[in-house]
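Per TrEMBL, the features are:
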type	residues	note
SIGNAL	1-24	signal peptide
DOMAIN	26-142	domain 'Ribonuclease A-domain'
DISULFID	C50-C104	disulfide bond
DISULFID	C63-C115	disulfide bond
BINDING	E65, H106	Zn(2+) binding site
DISULFID	C81-C130	disulfide bond
Amino acid sequence: MEMSLRPLLSVFVLGLVSTPSTLAQDDPRYTKFLTQHYDAKPKGRDARYCESMMRRRGLTSPCKEVNTFIHGNKGSIKAICGANGSPYGENLRISQSPFQITTCKHTGGSPRPPCRYRASAGFRHVVIACENGLPVHFDESFISL
């Protein structure tokens with residue numbers, strides 16, 4: 001009987017080892033980070049882009065003051081939490097290589113839609129907070145507007 005349990009036990013242990021990384025991909029804070037700050041292939045990087053993206057991503061009720069979109073691939077952004085990042089301040093990491101970004105800044109007026117934004121396109125290092133090896137927060141204070 002002991003021999004027949006061994007394969008089952010190894011499958012169970014293997015499942016425990018592989019589950020955390022699968023669950024991490026579904027982490028709600030990582031998903032929210034991607035929704036708010038990730039756009040692989042932007043179409044234009046002007047005020048129209050900002051107004052459209054902010055609305056599409058649900059960042060306009062109320063109008064979010066500042067939001068930055070990182071353009072690149074998810075793997076290179078995740079790598080800031082590891083090999084492509086260095087400690088920065090308290091609990092933050094700065095990318096070792098620059099990323100193409102678009103920062104959208106609310107132009108003022110009412111905090112209710114329709115929200116109007118000014119866009120700044122750039123190429124710079126980004127600062128993020130990581131949890132379980134995944135980006136969960138973008139530090140807007142690092143971006144000069």
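Quick reminder: no glycine exception, Cβ is built from N, Cα and C everywhere.
Fair warning: this is a prediction, and the values are worked out from it, not measured in the lab.
C104 (disulfide bond) has E65 nearby among the recorded positions C63, E65, C115, counting only those with a Cα within 10 angstroms of its own Cα. In terms of local Cβ density within 10 Å, C50 ranks first among the disulfide-bonded residues C50, C115, C130. Cα-Cα distance from C115 (disulfide bond) to C81 (disulfide bond): 33 Å (rounded to the nearest whole number). Distance from the CA of C63 (disulfide bond) to the CA of H106 (Zn(2+) binding site) is 7 Å.
Counted over every protein chain shown, other Cβ atoms within 10 Å are most numerous around C104 among the disulfide-bonded residues C63, C81, C104. Across the domain 'Ribonuclease A-domain' (26-142), the model assigns an average pLDDT of 95. Spacing of C50 (disulfide bond) relative to C63 (disulfide bond) is 12 Å (Cα to Cα, whole number). In this structure, the CA atom of C63 (disulfide bond) is 26 Å away from the CA atom of C130 (disulfide bond). Cβ environment of E65 (Zn(2+) binding site): K105, H106 lie under 8 Å away, each six or more residues apart in the same chain.
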